[in-house]
């Protein structure tokens, strides 16, 4: 499998598609497809904040990559008519970096921190007073000359996004008034996203083609958009005016994306679990080592979708393959073996 195949189902953004994602992003809640429960709740919170002429409460968005956390943050800013400043946990290395960002904010602005779980502890602690009471105290100087400088801040909204909510400290997590767990998208929503994206691309797609794309996109909008771009290439070269189910199937087979959206890494994981560990239980570190990945990649990029479609289970003793996984791989299943 070459590098391109490995990237095709990566739910994290690829460098050369970041600009194209901007053209696909909805601007307002009414345009945002999926995550209905979250949208319904946000609609109430946004309306109430605007009626009171207050900044929206701080928001934590968590869930697997590619589900639209950054997009939703931008939508929230648009709905509030607020300016948004975007950064990431790894980009804020020192407390001074954070203070500089906070000092640029005006009343009602939004600060979006992606990968907020990767903030250094010292930086995170500065956020506590900023979020709760809208001020920061910074100690300058050393020894007898050390003194604190008090920086009042305007009311602002912090939106944090993370794929690893469990890695957030309790004090930080508790300061978010709005917490939204973003779920994998059902096929019906992904089909709508595929149709919307095709329209933006001025590309014709049949309902059957959109449905097949949706089924093989791992419940992830970013992936359905990426696959649509690749399938569009195959259709164009083949001289097809409309993307139908057959074109999608032929293209994705060539890209090593199977009927359930699994790639070679997923299949290697399942085959290792079934053949080498007799279906499990097996520890994630052992599985990751056997398939040549690190455990963080396996936990963040491989296992969430396999759990979602019911191909594996997490147990106190480790990962286990389910009967559905055996059936998908066409391996005889024996009760009690896994």
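Backbone N, Cα and C atoms are what each Cβ position is placed from, and that goes for glycine too.
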According to Swiss-Prot, 24, 25, 66, 69, 70, 71, 132, 133, 134, 185, 222 bind ATP; which one of 175, 216, 230 is annotated to that same site?
175
Say we define neighbours as other CB atoms within 10 Å of the CB. Which of the binding-site residues 314, 319 has the fewest?
314
Across the whole of the region 'Head domain (RuvB-H)' (259-338), what does the mean pLDDT come to? Round it, please.
90
Max CA-CA distance, Å, over listed ATP-binding residues 24, 25, 66, 69, 70, 71, 132, 133, 134, 175, 185, 222:
37
Measuring Cα to Cα, how many angstrom lie between residue 132 (ATP binding site) and residue 314 (DNA binding site)?
36
Please state whether DSSP places residue 314 (DNA binding site) in a helix, a strand or coil.
strand
